[in-house]
Ligand code: MRU
């Protein structure tokens with residue numbers, strides 16, 4: 001894999017097909033370091049520690065990861081293989097709770113095994129390999145379609161705001177919220193893009209600002225608390241964000257801070273678009289209140305930027321990694337199937 005950000009792949013099966021290769025997102029933008037993950041433990045940790053992150057990328061990584069784990073299940077017995085495969089799926093699924101793409105991808109891999117009863121283990125492994133690579137390729141195709149649909153919502157010269165990183169680094173290619181930016185850039189749309197830094201882990205500063213500027217786009221980094229000002233200044237024509245789970249009533253979980261941006265957008269009359277593959281819609285979760293929001297370590301808030309601690313020792317910390325944006329605040333959800341604005345009736349929309 002190349003070290004040029006524009007050519008690089010977020011994740012891939014290595015040439016020998018014995019490791020999942022990821023760019024370590026905790027090291028960006030200063031260093032492009034690749035990790036070769038071989039064991040299920042290494043893959044679990046890479047997801048948990050955000051070395052690979054972003055809802056679709058987590059799903060892709062888990063699919064390739066569980067294929068690699070299947071190579072290590074040394075039995076010829078189908079029942080034994082299926083039992084150990086299921087245990088591995090449960091284990092990988094425990095790495096992060098909020099993005100439904102993780103369980104969605106693992107369920108697809110599990111379905112391959114369930115439907116292959118009677119086949120030899122080498123045959124099943126080969127089917128698993130194909131499914132994992134299909135999931136990754138579908139991610140690329142879907143993101144491109146999301147971008148094409150989102151292009152119908154913008155005009156050349158628009159000011160666009162985004163939060164967190166729903167970019168190429170969060171998917172296999174194009175990103176979800178950034179697909180419109182990549183495709184528009186190819187058409188010479190000259191967007192003026194504002195990237196929220198995204199406290200506490202700075203995915204906006206470290207990843208979004210990095211990948212969009214590397215692609216030659218006009219991107220301006222702002223602190224999260226500046227979003228209101230740039231909107232008030234009239235610089236933002238539309239907000240595009242990604243998401244980790246859409247509940248059946250259209251409520252959306254995305255990176256902490258997203259709901260605040262949506263409230264601001266509503267106040268200033270700016271359209272607020274959520275971009276996601278339709279696999280992110282979870283009809284088994286009735287409303288946003290039912291979404292499991294990941295809580296992360298206090299250290300992410302207290303020790304982020306300085307070698308020395310930047311908060312008093314033993315201070316209480318609340319560090320939810322995601323929040324829920326109520327569907328009333330969302331202008332439309334853009335999936336590979338199209339633009340859906342009737343969010344209260346997601347079930348009756350064909351998406
Ligand atoms: O904690 P992260 O960095 O995995 O959070 C990522 C986000 O919230 C993204 O906006 C979301 O996963 C969509 S990625 C296309």
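Each Cβ is built from the backbone N, Cα and C atoms, and glycine gets one as well.
TrEMBL entries are annotated by machine, without manual review.
According to TrEMBL, the feature active site, proton donor maps to 244. Sequence-distant neighbours of residue 244 (active site, proton donor) (same chain, six or more apart, CB under 8 Å from its CB) are 55, 98, 99, 100, 101, 253, 254, 255, 280, 322, listed in sequence order.
Packing around residue 55 (substrate binding site) is summarised by its Cβ count: 28 other Cβ atoms lie within 10 angstroms of its Cβ, all protein chains included. Here TrEMBL flags 53, 54, 55, 96, 203, 254, 255 as substrate binding site.
Here the Cβ of residue 164 (site 'Transition state stabilizer') has 30 other Cβ atoms within 10 Å, regardless of which shown protein chain they belong to. Secondary structure at residue 164 (site 'Transition state stabilizer'), as computed by DSSP, is coil. Marked as site 'Transition state stabilizer' by TrEMBL: 164.
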So around the substrate site, 53, 54, 55, 96, 203, 254, 255 aside, which residues have their CB within 8 A of the centroid of those CB atoms?
58, 99, 164, 165, 166, 170, 242, 244, 321, 322
Other C-beta atoms that fall within 10 angstroms of the C-beta of residue 203 (substrate binding site):
27
In Å, how long is the longest CA to CA span across 53, 54, 55, 96, 203, 254, 255, which the record gives as the substrate binders?
17
Round to a whole number and give the Cα-to-Cα distance in Å for the pair residue 164 (site 'Transition state stabilizer') and residue 53 (substrate binding site).
11
